[in-house]
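Asks: Below are the features I grabbed from TrEMBL:
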- A:12-35: transmembrane segment (TRANSMEM)
- A:42-59: transmembrane segment (TRANSMEM)
- A:65-88: transmembrane segment (TRANSMEM)
- A:100-122: transmembrane segment (TRANSMEM)
- A:151-168: transmembrane segment (TRANSMEM)
- A:200-224: transmembrane segment (TRANSMEM)
- A:230-258: transmembrane segment (TRANSMEM)
- A:270-287: transmembrane segment (TRANSMEM)
Amino acid sequence: MLTVWAILIDGFIYASWLFLVAAGLTVIYGVMRILNMAHGSLYALGAYAAASALGWYYAGGGDQLIMAFVIIAASAIMVGALTGLVIERGLLRLMYGRDEVLMLIVTFAVLLILEDVIKLIWGTTPYSAYQPYAAMGRINIDVLTVSGYDLMVLAVSLVIGVGLWFWLERTKVGKILRSIIHDREVSEAMGVNVRRMFTITFMIGATLGAIAGGITAPIISVVPGLGVEVIVMAFAVVVTGGLGSITGAAVGAVIVGLARATSIHTMPELELFIIYAVMATVLIFRPNGLFGQVIARKI
Amino acid sequence: MTLEKTEVSLIGVAVALALLSLVAPNWLIFTTTLAISTALVVMGVVMLMRAGLVSFGQGLFYCLGGYAVGLGGRFFGITDALLLIVLGVAVTVGVAMILGLLVTRYREIFFAMLSLAFSMILYGVLVKSHGLGSTDGFGVVDWTILGFLPGSGESSSRIALLMALALALGVALFLNRYFRSSIGLACEAIRENEVRVEYMGISRKQVLYINYVIAAAVGSIGGSLTALAAGHVDPTMAYWTVSGEFVFIAILGGTGHVAAPFIAALIFTLVRTYAIELAPNAWQMILGIVLLLIILFLPKGIWSLFTRKKRVAS
């Protein structure tokens, strides 16, 4: 019984982290039909920016937890939005209208470039910013202990999920975006500035990736190659849930999170295997993921 | 059966390389062997690209070929290089025949992601197999060829190159014909318009399936040759960034000709040898920028430089 509780708690904490990482990816795909391989690099950029900003803050004698969160948010949003803007305006703009697969390769090239940009800026030595994590302490639930910071990640993830849902379903911009998802040409004919919407969407997606990295920075040691590991995980989540669907990303994150936690507590050697096995199994039965739309083939 | 112009030139280049290997320095021989092995895996990526599919998981077959060589020598006591390669192909074809039933139902990014997932599954399993050296991998046994022990050092790497050349020549001659066979042409037709191919009475599933299995087998030969030449295998062979490099080389060369992957792989391997020493932290950036430039300005790869010149001349 204890194992079941441990699996549930770990699973949901891991799922909330997965959702944070995957949300930006699925937003960008949903609107722009671009599967952004560079998403992992944006995550890494956010993590590095937050880790070095926190490093300055704590080295300067600061010890306010609230300030630490403001710093994480500000540095991640700044670096994410700026990089997103540069990538979209400088590169993707030249490629619109090409194959989805070609866009996948283009973003793969962006990933390669960003990986080295990160190495050139921050070097190859690991960064760590453990202070906020340590400051939040641990909470006892019966005999299990949970880190306060992990619970905060869960809360942030819920807020971002609900925020995204509200943005897409209840605001004017969201309505416009849904019309673009539905039919790009008709929306353009109705006077929607699709290009500007694309820029906004890409910046928001990129920022979400950077925020995920920034929030994760205190939990991990920030090292080169961070983004490359994360992106495959995020892919597994969005493909399981159905590409381009926020609900799908949330459900996919919960499934993958619980599957991984189950594996860690019962068969740890299958940890990596289980994530992709879940994805492959879902795809066998639902080729477009759990919440994906089937696209009619054109003759 | 008379030889065509392409076939004559392929044989000519292979013989010339074999003769050059008698005088070339050891490092160049080793690099060329690696380039040829890489080119064989890339050939598999190119075969799929001709059918409109991009695989971010060809490392799966590369790794299977490599590990078949390693495990065959370690657990079954097979030391003959050719037998080990055949073992790798047999295992790979078996795996590809099962996976092919599933992945050939998918297109575009779903094919890319699913093939990536399968290769990452193998990576995950190998990383956790402590008996096989986990992330460090393990060494390949000293191999023989046709009952003859190639010794160590220079003569061994030269024989590895000759073997790679012979196998690559065989594969290239076969694929050169295959690309213009009815299945090879049907692949291109599927890329252009699948539904019309079905209307013409060709089973797209069957065509894609056969193409997928052959691509896997060719990739396995590349993996086996790499293992024999390098004398070591490790799980990174199945990691998705390795598959990404194969996609890069495939795009660099283009799908226009059977020789393109070989030229691209040779350029790639040689440039990497220097770039990793000169600018270890900018190598991936160079790759990324070159990839973007090719997509923007040379969408059919470097092979299109050759064909364009020819058209101007005539």
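For all residues, glycine too, the Cβ spot is worked out from N, Cα and C.
Just so you know, TrEMBL annotations never went through curation; they're auto-generated.
Note that the coordinates shown come from a computational prediction; the quantities given were computed from them, not determined experimentally.
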Asks: Can you say which of A:12-35, A:42-59, A:65-88, A:100-122 has the most Cβ pairs under 8 Å with the transmembrane segment (A:230-258)?
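Replies: Out of the listed stretches, A:12-35 contacts the transmembrane segment (A:230-258) most.
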Asks: Under a Cβ pair cut-off of under 8 Å, which of the recorded stretches A:12-35, A:42-59, A:151-168, A:200-224, A:270-287 contacts the transmembrane segment (A:65-88) most often?
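Replies: Selected stretch: A:200-224, with the most Cβ pairs under 8 Å.
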Asks: Any contact between the transmembrane segment (A:12-35) and the transmembrane segment (A:200-224), i.e. 3 or more CB pairs below 8 Å with pairs at least 6 residues apart?
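Replies: They are in contact.
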Asks: Among A:151-168, A:200-224, A:270-287, point out the range having the most Cβ pairs under 8 angstroms from the transmembrane segment (A:100-122).
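Replies: Result: A:200-224.
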Asks: Any residues 6+ beyond the ends of the transmembrane segment (A:151-168) with a Cβ under 8 Å from its own?
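Replies: Those are 12-13, 16-17, 19-20, 23, 27, 136, 139, 174, 177-178, 208, 211, 215-216, 219, 246-247, 250, in sequence order.
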Asks: Report, as numbers and ranges, every residue of the chain located at least six residues beyond the transmembrane segment (A:200-224) whose Cβ falls under 8 Å of a Cβ in that stretch; write 'none' if there are none.
Replies: 17, 20-21, 23-25, 27-28, 31-32, 36, 39-40, 42-51, 54, 72-73, 75-77, 79-81, 83-85, 87-88, 92, 115, 118-119, 124, 126-133, 149-150, 153, 156, 160, 173, 177
Asks: Residue list, the transmembrane segment (A:270-287) vs rest of chain: Cβ under 8 Å, 6 or more residues beyond ends.
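Replies: The answer is 233, 236, 239-240, 242, 255-256, 259-260, 262-264.
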